[in-house]
Amino acid sequence: MEKYIDKGLSDWMQQDGPESDVVLSSRVRLARNIKGLPFAPLMTDKATKQLIDQARNAMNQQYLQELGSFELLKLKDISPLDRKILVEKHLISPKLDSEYMQTAVVLKDDEAANVMLNEEDHMRIQCIFPGFQLRTSYDLANQIDDSLEATIDYAFDEKLGYLTSCLTNVGTGLRASVMVHIPALVITGQVKRLLSAIQRVGLAVRGYYGEGSEAVGNLFQISNQITLGYSEDEILENLEDVIKQVIEHERDARKHVLAHMKINIEDKIYRSLGILLYARAISGQEAMERISDVRLGIDLGMLKGISANILKELMVITGPGYLQKLANRELSSDEWDSKRAKIIRERLANIQIDK
Amino acid sequence: MDCQECKKRPAAVHLTKIINNKKSEMHLCEQCAKEKGDVSANFSFHDLLSGLLNYDNNKTNVFEQKQCQQCGMTFQQFYKVGKLGCADCYQYFGEQLDHILRKVQGKLGHTGKIPKRIAGDISVKRQISQLRQQLQNSIYEERFEEAAAFRDQIKALEKQLEQ
Ligand SMILES: [Zn+2]
Ligand SMILES: [Zn+2]
């Protein structure tokens, strides 16, 4: 357990991937249920035990071991703070945490994959990779699925595919999502139009939520909405095509911003950097917004000496759970803000300004 | 931002619902979200459901009487929770679910991955239904020799299924 907590950053946060100037990460989830066990709303203690036993048995099979080293953890054996950090690291969902007495998670040691047990579905296989790597992410999830399926009978219907507790997941059970950082589209006011176009082609867009309600840090999560009637390949291809366009539009917008709004954009980036370098207290939401500006400064070549992955990194290590872990005690919200400001100052210490 | 419910703790759960093109948002702390329970967690899908069914009172009664013989969930319960009780619910609520599924998912008919251990039978069945379509077309176009060939292929595959 400790290794997942102590290692603040998963590989997807530390590493670059393809098109990582715009795409921060690619995630794939497969929803699966076990034949003969009741679904989430009617789940019993006995069925929960069967579910975890079957998952443990599947984990001991060679098929899965060939894919890497996996560990099964029951959430009730994990401290509340450590669970919170797993949520902040996206290794478990808030829902899995909120029902911790009955849930478990299988973690892959490099944190690229996990299987949540007894979430909304019996099993949710999730894989996450840095940058634009939907196929890599799906391939791993698919292999894990194959290995589990070697010993587990899934609830499957010829016409409806994989049966899930909620109708929104039935069919492939596949939810593929990509997190994009699109500050230039936001600055140039094109984002609304783009996002509504994306929704019209059957994809869902969600902002990345900080403490407030608005999408913060110019981050958006784009995912497929439909899971039935199309093959996995078609679903991925459709999403990929749209993301490719988003990438292109964002790159064009960045060029436009440099060509026509240079002073405005420089001012914005340097002001944000100034705040991050000197603030003594900062809220999670403001931190995300300022770091988004700094990240744009790095992408545009104005700021050097620091990894562009700072954005992904700080999303996690400035979360309340992680900050509390670092402090090793309960923190008040004022303390969070000052602790957060301190970590950011330290993290940005080596930044070089292109004068 | 503070929780709309208790106005004390910071909001951690953000829900968006869209009804008749009108969007409204709810911001709750974890505790209040938990207290609101399943209803708040599922409420966007739940609202979607009620919008999709949009039936009159008479029809409601007919739907509500349906019950899954495996897990005992009634259609009314499903409607409340927004989630099915077991895999067999898909059979027992078949007709109503098809109606909702068509709207939620666009089209019916899984064309994706099949679990390997049962893939054999299903792919044979997929083949048979394709051949049936071809058989009909060739009869319609009066290409009878071709039709006979399709018929033989179907028979052979059906035999294979029986074994
Ligand atoms: Zn509250
Ligand atoms: Zn049922």
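A Cβ is built for glycine as well, from the same backbone N, Cα and C atoms used for every other residue.
Automated prediction, rather than curation, is the source of TrEMBL annotations.
The ATP binding site annotation in TrEMBL covers A:25-29, A:H90, A:R124, A:175-179, A:206-211. Under the heading domain 'Phosphagen kinase C-terminal', TrEMBL lists A:22-253.
Here the features listed in TrEMBL are painted onto the structure.
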| residue | record | CB count, 10 Å |
| --- | --- | --- |
| A:S25 | ATP binding site | 23 |
| A:V28 | ATP binding site | 28 |
| A:R124 | ATP binding site | 26 |
| A:S177 | ATP binding site | 21 |
| A:R206 | ATP binding site | 15 |
